[in-house]
Each structure stands twice: as structure tokens, then as C-alpha cells.
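Reading through the C-alpha cells given below for one structure.
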């Protein structure tokens, strides 16, 4: 039951620095790091102590609540450091890579196996980390069967990596992963592709493909869920990033956890934006300096896109889910009469002496300035213009702020993830941290309701 | 940039001082701050609250300037010193003499409104340790435009303090208030000092003073300037043409007379996507519907010429849009995003009722023949209720979906 999804509400933020479609091999990173905070709500139990040697695909830690759920090393090498934060929380596990990579062999998997075997295999091999669930936008609980699985094959976020390009030639892996996933749900696997795209995801078996069009967030998986089969109380759906299917597929086909990923280096601070072949957890510095940014330049590195990525330093590492590394200028400067002079070089949805509406095709060079101070919610109706879900955005944000669980539930909290509120946060006149508010709201619900 | 760096260093040096929000308010007025995003969206749209508020002020400036000329014009016209202006560009209207009177009378209102209001805001910001919020920028401009030109400044000051403290700060400041602060201020004046807020003297500069001089025994002619609503409520002939009303060369509160300039302001706000066209449009529709109903009563012979409601009820329904503060209230006050309905569907209902009730109160309350203020304040109170039911619609849809699944 394929469905064309056309959304009108939204906003395409056009930025300078889109990655050119050429792939380079990134300098091989010496150090890798895995940060447990990438796996939100998982409490890690460390297996690999400092000084131990691991193969690529070998367990680093497991989930305290479910010890079958392993999290594995992207490379073979030696654990050199376990960084700890307050109360001995594990911040990062650093691995110094071997020159010659060796892989733990999980064995070729029989795709005709039943659901339990597939689950066990994904849990043990570290691939479970790629499967997230809603409600709560956390790594999926293994003991729940989802009503459907959603995959977005269309990246509409600003400067996103073009999935048609990065997934090209990976049809076999994608198909293997989708076949396996389709056995884990009572419903079907829903995949969205751009309506004009030439996606390798378009013609997979055991999946329902939907063509989507319209401005961002048309490519968000949350939009897909809301338009195809919204989540009701008591239901669970899973989501998987398209690029992560490749790793899952390769594991099933070859038995090897290959953390290789094609990522886009993009953003206005980069001299020559382009694609790199690298590994999960690779050091940022291995990609950003060659025809990229000047050393010591005042730039912001973001693992992920500009709307919901994580800020990282050059000596830190790519996070587990990103397929784009964005570099934009920092905006830590004052602007004379910035609040009332006419503005031509910034994006705005209003026309209050802001002129981005004059030239809808123009690409902008935006920095990290907040363009104003944090205030209480004042204006109304602005969020609705960029928010395509059938949910009242301001009301649900306020419900999260005053922690009314009943109201959060009634307003649709089970359906949302922080990234769904990235655009409302972008346009927010009061500069409220919407994604953080939603994340905290979801965490509260997870704790209280579960 | 020396100034920028000096201000920045000053701010850093005094980071823990209690009065810093006061300094920051001035600093951020000059320079947009150097604040950057952290996690969450790394980029932000260009608009902030200051820009939003500033846009509304820009829409109000033509009304303010016109109001100044009109203050002088009405003053000289009532004394018979000048001929009545013929049309919007009439020669006797846009004169330096008129402007001088206007500046002399209106600027103090603006200064008192901003001075007192911002002082209260600063004090509260410092006591509560948050930044000075921009809400008063618009309120401070609205207040001088909706009071009679001769209102004593101390009354205005008292009312502003009342309005800002009781109308806004006790609820937690900008964004938290239930009632529109500017209208709270006007309502306070209206009920506390009714003699200065209604009647046929207060709308023209000098009229009250003259009355006092006559009372003191001087032999001069009294001057009077009834508003159109006042005349209609008393069943008198209206001395002004429809075009006079549209242009605004009539007596009234300082800045609310010119429907033409208010309309321009409205178009600007709608174009800038700052003012809600839903509220403005539905309010106009609401007013027209109520006007038609009253016209219907008159046509059906229910209300006859002897009735005290006849004057206003028989006023052609669309004239209501031009007279009194209806246009100003609809465009600049009913659309206040904090106190209006916040959902798009709710805005339609809220706006319609504002317009509908404005005309109803206007007709049935001839002692104080201005209904817009009371209608908006009333609907401010009901806006959350309207929103509640609109949001419940969404909640019910979700419940229904769940039921359909589990059934």
C-alpha cells in the first residue's frame, strides 16, 4: 500500500557548502572513540578494559538492562583510554587502531532464519544499536515486536548527505538488511524515497516504498511515520537510518561488522566540500584540514547536520549515527543594531525587514549566532508553518516544560522525536531550545511510564 | 570597534552584579549579543523578539505622526482659527502649527509611557534576575495612542504602573500575561478617572481648560469636540463625512482616528507575517455581522427612532469599522499574540467574537460608547478556553484513532 506523501508545511534552509559528489578516502585515523552518550538512555557495562586488544566487531560494552545487547568496536586495535565523567560515567572509549585490520567473524547469516535468531544475531553483533524505537526515540527494546519499521531514504535536512549517492551500489546489503528487518515486525517495513530520486532503496523487496516531496522535514522519519501510520498509545515502531542498513546488510551477508561509511563533509567553512569514505568513530581532524578549514579558524564542527547534530572538537570523533560532518563559522560576535536593521544575509520565515523571501533560491552562509536572546514564548502561528505533523507544537512543548505527563500523552508525545522539532527551534523568535525540551520530556515519560 | 569591546569587557567584568540585566538591556539595544547556539539547532533564523516588536512599532509610527498633526488640527479647528481640511491632504491639516501643538501634547505622553513603563520593567528584571524583556516596547507605544490628548501625565503614570505591575509582571512578565497590558492601562484610566476619558471635552486639546476658565467667570466661548460615537449614542447629527472618518480628521484618542493609516499598518503587519490576518479578518467579519443584525432590527421596526439605541443601531453596518477605536483595536490590540488565541482555528473564533462583541457593547453601553477595549479584554480572558477546545479536537482525534485500532 504505497502512498505518495506530499507536505507543504516546512522550510528548506539552503546553505552554502553542499558536498560535491566525489568520494575520497579519508586519512586513516589512528584513534577512534565510541561515546556511550550516542546511545541515549543506555547504561553501559564495560567489557573491554584499558589495555585490552579488540578486533573490529568485538564487544566494548553491553547494555546494563539487557546484557545480550552488545556495542562493538569499529576497528581492531588497543583500548588506550576510558574517559570518565562525574560519578564514573563513561564518556568515551578510545581505541588506537592497528595498521592491519582484523575482523571478528560472525559467520554468514541464513536470511531464512526466524525472528528470534535474527534478533539474537543483531544483538550479539552490535547491529542492534542501529535500531531505534518510538515512543521515546531510544534504542529499541528487544522484547517488543513493533507494528512497523520506518526507514527514510530521503535526506531533506540542510547540507545532508545525498543518500542516492552514498548508497549507490549497495543494493545487496540494503536488501539483506530489509529482508531481515521485515521478519521482526507484524506490519511492514516502510521506506521513503524522494519523488524525483534514483534511490537504490526504491525497488527493494519485503518493503513498502513511499515517494515523498516537499520542503524539509519531508525526509524526516517522523514525518513518514505521522503520514503513513501514526503511533498510538501502547504501540511501538522502529526506525533505522538508511546508511546503517548497509552495515547491517554487510554483517548478514559476510559475517563482518564493517564500520565503513561514506560521509559528506559540508558547510560554508569548508574550502572543498566533498564525500569521504571513513569509519564510525573516526577522528574529526582526519577529514577537515585537507582542503577544508584553516587550523585554529573560528569554526564549529558538527557531527551531523546543522539542525540536530552534535558539536564536536577537531580532536574528537564522528558520532555513531552521522553521515555528515558540517563545518560552519562561529557567530560569537556582536552585531551593531542587529535587531532592527534590514537583514539580507540570514534566513527568516517572516518579512520583518528580513529579506530572504526575495530570493528563495539563494544559498546562505549562516553562523552559530543565536540572533537574539532567550525569551518566554510570545509569538504564535510561526511554528505551525514549518511543522507538518498533526500535533500542536507550542502546546506540547509547554506541556513538557511543566511536566504534565497526561497532557504530553494526549498531545501526541509518543509520536515525536527531538529532531521533529528542529525546524520549530530554528524559527523560534524566543530562541527556546525545543529539541532539548522534547528530549527531557521524553526522558521523563520513559522514566515514569516506561 | 572600540565601543563594542569596551562594552563587552564591562559586561564580563560585572558578570555577577545584580544590576547587570539593566546594563544588558541597553547593550543589546545597541548590539545584537554574541551568544551562540550549543546543541540543538546550530543555526537560528534571523528574527528575535526585539525585531518582532520593532516591526509593530514601525507599523504604529504613521498613526503617531498623524495623531500629532490631528491634535493640533482639532485644537485650532475647534477654536475656529483654521478652516476644516478638505480631504487627507487638506492644506489646513499638515501644517507646522498643528505639528507643534501635537509635539507639545503628544510627545510627553510617549515619554511618560515609555519612561515609567520601562522603569518598572527594569526594576522587575533586576529583582527577579532575568533579562529585560521587550514586551513593553510595543505597549509603551500603544498607550499614548489610545488615550485622550489632554490626559494629565500623572494619571498616565499611575495607570502605566498599575498596568505593567498588575497586568503583566505579577503573572511573570512578557509572554505570561492574560490581559493585554496596554488595554489594562486604558481600562484603569477609564474606570479610575472617567471624566478624563469620556465626554465631549477631553478629545480636543484645550477644551477642558476652557471650561475651567468659563467656570472661573471668563467670558469666552466653550469649545466642544464630541466623538462620532458620542454623537451617535446621543442620537445627534454627525458632523463628519465618511471620508473624514476614513482619513481620521476627527476627534478621538490620539492615534486611533485614521482608519486609512491603520489599514496601511495592518497590511504591513500581515505582509511581514507579524500580525495575524486571521484575527484581523475575522474580527472585521464579526463586526459586520453584528452591525447587520442591528440594522435588521431597525429595518424590521423593532427599534424605532424614539429608542435610545436608535442612533447607533441605525448606523450603517460598515460605518462601524471606521468610527471609534474599532480599527485600531482590531489591528494592534486584538492581535497581541500573548493574550489572543494561540491556535490558528482559535484565532478565527476569537477574532470573530472580538468584532461581534465590540459592536454589541458599543450599541448597548451608550454611557461609554466604546466597546472595543472591553470586548478585547473580555476575549483575552476567554482565549485560553477557546484554545483548550481547539486542542481538545486534536486530542480527541488521537483517542479515536486509538479506539479504532483496539476495537
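Cβ coordinates are placed from backbone N, Cα and C, and glycine is handled just like the others.
Annotations in TrEMBL come from automatic prediction, not curation.
Feature annotations, courtesy of TrEMBL:
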MOD_RES   B:227  FMN phosphoryl threonine
TRANSMEM  B:52-70  transmembrane segment
TRANSMEM  B:106-127  transmembrane segment
TRANSMEM  B:142-166  transmembrane segment
TRANSMEM  B:245-272  transmembrane segment
TRANSMEM  B:279-297  transmembrane segment
TRANSMEM  B:317-335  transmembrane segment
TRANSMEM  B:347-365  transmembrane segment
TRANSMEM  B:371-391  transmembrane segment
* Structure fact -> Among B:52-70, B:106-127, B:279-297, B:347-365, B:371-391, the stretch with the most Cβ pairs under 8 Å to the transmembrane segment (B:142-166) is B:106-127
* Asked: Out of B:245-272, B:279-297, B:317-335, B:347-365, B:371-391, which stretch has the largest tally of CB pairs under 8 angstroms to the transmembrane segment (B:52-70)?
  -> B:245-272
* Stretch among B:106-127, B:245-272, B:279-297, B:317-335 sharing the most Cβ pairs under 8 Å with the transmembrane segment (B:347-365) -> B:279-297
* Structure fact -> Lying 6 or more residues past either end of the transmembrane segment (B:245-272) yet within Cβ distance under 8 Å of it, the residues of that chain are 55-56, 58-60, 62-64, 66-67, 70-71, 73-74, 84-85, 87-88, 90, 93, 106, 109, 144-149, 203-204, 225-228, 280, 319, 321-325, 327-329, 331-332, 335
* Structure fact -> Across every protein chain in view, the count of C-beta atoms other than its own within 10 A of the C-beta of residue B:227 (FMN phosphoryl threonine) is 26
